[in-house]
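Summarising the annotation, TrEMBL assigns region 'Disordered' to 1-31. If you look up TrEMBL, you'll see 30-137, 249-328, 417-489, 519-627, 833-921, 1043-1131 marked as domain 'Ig-like'. Annotated domain 'Fibronectin type-III' per TrEMBL: 636-732, 734-829, 930-1026, in sequence order.
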Amino acid sequence: MPEPQNPAAEGVKDAAAPAGNTDHLPGEGPQLSELTGLFVLRPESVTATKGKDITFVAKVDSSNLIKRPVMKWLKGKWLDLGSKAGKHLQFKESYDRNTKIYTYEMSIIKVVDGDAGGYRCEVTSKDKCDSCTFEVSVQGRSGDRHLITLLSSSIRPSSIFMCLKLGLHLLSHSQSILNTTRQKKERKEEPEVDVWEILKNAKPCDYEKIAFQYGITDLRGMLKRLKKMKAESKKSDAFLKKLDPAYSVDKGQKIHLTVEVADPDVPVKWFKNGQEIKPSAKYVFESVGNKRTLTINKCNLSDDAAYECVVGEEKCFTEVFVKEPPITITKLLDDVHTVVGERVEFEVEVSEEGANVIWMKDGVELNRDTAGSKYRLKKDGKRHILIINEATKEDIGTYYVYTNGGESKAELEVEDKELEVLQNIADLTVKASEQAVFKCEVSDEKVTGKWFKDGVEVEASDRIKISHIGRIHKLTINDVKASDAGDYTFVPDGYALSLSAKLNFLEIKIEYVPRQDPPKIFLDTGSSGGKNNITVVAGNKLRLDVQITGEPAPTVCWMKGDQVRKNWLSSFTSHHTRVLSEAEGRVRVESEKNVCSFVIEGAEKADEGQYSITVTNPVGEDKADLFVRVVDVPNPPENVKCTSVGEDSAIITWDPPAFDGGVAVKGYLMERKKIGSPRWTKLNFDVYESTTYEAKKMIEGVLYEMRVFAVNGIGISQPSASSKPFMPIAPTSEPTRLTVHDVTDSTCALKWLPPEKIGAGGIDGYIIEYCKEGSDQWVRANEEPVGNIHYRVKGLPVGEKMLFRVIAVNIAGHSPPAILSQAVTIREIMENPKIRLPRRLRTKFITQVGEKVNLVIPFQGKPRPVVTWYKDGVPMEDRTVGTRTSEVDTILFIRSAERVHSGKYTLSVQIENMSDSADIHIQVVEKPGPPIAVHVTDIWGFNAALEWKPPKDDGNCEIIGYTIQKADKKTKEWFTVYEHNRRPSCTVSDLVMGNEYSFRVFSENICGLSDEPGISKNTAVITKTGLLYNPSPYKEMDVSSCPKFTAPLVDRSVIAGYSAAISCAVRGNPKPKIIWMKNRMILGEDPKFLMQNNQGVLTLNIRKPSLFDGGRYSCRAINDLGEDEVECTLEVRGMSMQFSLPTTM
């Protein structure tokens, strides 16, 4: 697809960009960590079109660098885009060894509004670094909507909410599929987590922890969104229930938008993108009681918009996202094997008409702008075709086609085209003044050539004509002379090939003698060994010219075997005049002057045999014999079959052809194709001599079939019958981690993990075998393969040492076995009972009233221990407390906890006279009751003293504080005065003169505030007084002082990739100016560092430090009275292991 052409993004600059200047303190030189001019090409700010692709290019000169440079692409101040790589963001790196220049590319696929903002690229190499910034602005609108990431501050809040929910859902779904594949067990997905609901109910001090847990990096945007959500949560007078922030629907489905209004008779209006919606077949309005419903039928992309419901002056908003089904590939690409100059077509079929596909070759996209005249893209309904008009060696490679729901690839192999000779030139024997024509035919009509006579090029003239029509090349010599005799050769241009023939000049002298001559046959077939053998290709024409002399003219008789062929007689007059033969057919004899010609039109196998010619006249007789041999292409090979298969290969065998055509078979040509594809792919261009062939480079799990051609000196046979379909597939690797899980007197339980390499054949099951130690007689333990990854072998002899092995089975056969390294003695092992009490149960377990209690406590012991539960030292008989016990653990569960369930629970496990026990303390708590006896004890000035007594019911836990509120009699609005007050008394200050106040107190424990407050029995009346206060004149004190650090910087050692902070404290008046430095270099406005000053406490935050950020940091405070400075050392260590965020399922 087209990309915006921008010199900053795609162009290559002729000169290196100047290095960025850095400021130094007076008297100091540049340090090793300063910005250096590493960039040869810097990306610049661009304006992108929404929905299009854009690529940024940066080039770095590494000729003066010791280590390989490392490039980081950042958005804003902190966001590392490397962690966001995928279909939307793609990164590429290349290196030119000649110029020693690294090229880094960042591509944004289908730009959306959320991609707008500031970007920065930063390159580091040991002690050198360089960075540059650029801006991306987005203009125009696209017909498609995309889910926008949470990191963009310009997105509507409802879109953020929907993206987060969909992202968590997709992450949960993908993890569930992965676990299903590995464990082969179905697991139900847990309900979605609404992060915003968690944040609204959480304390402000927990915001950062929750954001880190759910992957939210834009804390400032999160706080703004949370503040707006709290403001929106105010109760509406018109709506009982508003629209959800966002809805999602599949294309073609319908969706219902429902609100509940307070007044059932109030009119409701619906709007889409600010325009009012009218009822129609697509938009249906429903009103049932207080519910108002808008139904959108057959949703399409135009329905992806913002909707609002208006009741009077109040509105509620939502967004509808329409999801398109993915476009899948129904017919995959086929590999193509061709020769130079041929036309190549790659064809793919998708699930829907009009779908967009992307063609790529070796990672480079092919489109109408970049393909030029070399490639042509064609659409025909669901079919998409890539056409290469004339294939060359440069077109060899892998071709890909992508849709939003699948991909396919195919290989193109191009071989040099070989020139085939379809008809060779033949020797000619001509007489004076006759015409000689040399003719040949080659496979390529574009090939030109030259004619040579005895090594000298033949030039065209009035008598000698050279012609080239299609694939036929002719040399015509008119009025042949004796000087024209010689060797003629045709040489095609550009090929190491030559065709030769001989021109014989026949000079006939006629002498009239009175005497009679006996007949004589002059027969020359050109065969060696004195035998007259003639070979002719089936279907070709045979013409044998035989010169005959004799006076008077002899009679000629042709015979095949011992039979005289009908009408095969001819005679010559004494004056050598032509006598026409009466035979006119496929096999005939023609006579002309002293030449008798034997002609066979379209030679057949039946024409092969022994022939003889007899000439007689009154003077004598002569006879000559010749053998005509008819040759043809061979029959097709027989019995083509696949004998064995591998992961990507197969062994093919066949039988030679029953008839070799009269010429020995030189070899074979093989072709293969995928089942369902009409295109055959050649596997070899050179003749293969053996009848066994290993076909390679096949795709595992795909059905193929083969066919074979036989080749002899005449040509290529018809193809053989196709082989039966076969599929390249390989057995799995051996199972892994085979261990013994349990041993009894006659059984042994085994466990293992699936093979690391499974392949397309999958796994049908496992076979378990065992044998005694020292023996090689393996006994199969299971009749049918088991599908589980555990099995208990039964019926084993007691006390014997046994070996076990497990074999994976699939359609391709058995895998190599996984064998236990040591023999197992079949004898039950006594194991003392032991309780494995979880860490969280080793201290008091606290839960609230009404919650479920489910405690799982594992234990061990053999044979199976006897489990007993006690409560407060007495066997447990409470029916509301249940227990369940298995072989390895016991469960204590309470469906709804009550305070009576509090106490000490004791678990005892016993085997014969051995036992073990563990105590579990459970405390069931609830909110406390209200404080009692709240009253005002004293009033003075603008103050009032309160006292109260602790609540009668403390909720079964300690009272951790009290919350005191006040309200005046005029407004009767309650305001909080104190929170978490520890004592049962307090003094309320800053009361307003002339007002009468009431007070109430809430008690608080670990469950929260009490539901009901304790209200004061009396009130506090603040009376007016007539006192007049005359303050003494204020004398301003001089507090000026030079800067002085009260808390120094402390040396720190941090881990790379985790944010760090260093702090110190300073005082001084007037307020000093603060300068932060690294290795004596002023940090300035570097976005990697965030500097804060809170009431003299100075903090330098370092965002995800790398090894490059280690060094000496110093802080300098300066004002008019002086300056002070502190410093520390920051060591950045590499990460020894990788951590990943927990995945919510």
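Note: Cβ is positioned from N, Cα and C throughout, glycine not excepted.
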When counting Cβ pairs under 8 Å to the domain 'Ig-like' (30-137), the leader among 833-921, 930-1026, 1043-1131:
1043-1131
With DSSP, how much of the domain 'Ig-like' (1043-1131) is helix, how much strand and how much coil, in residues?
3 helix, 58 strand, 28 coil
On the 0 to 100 scale, where does the mean pLDDT of the domain 'Fibronectin type-III' (930-1026) fall?
91
DSSP-derived helix, strand and coil totals, residue by residue, for the domain 'Fibronectin type-III' (636-732):
0 helix, 42 strand, 55 coil
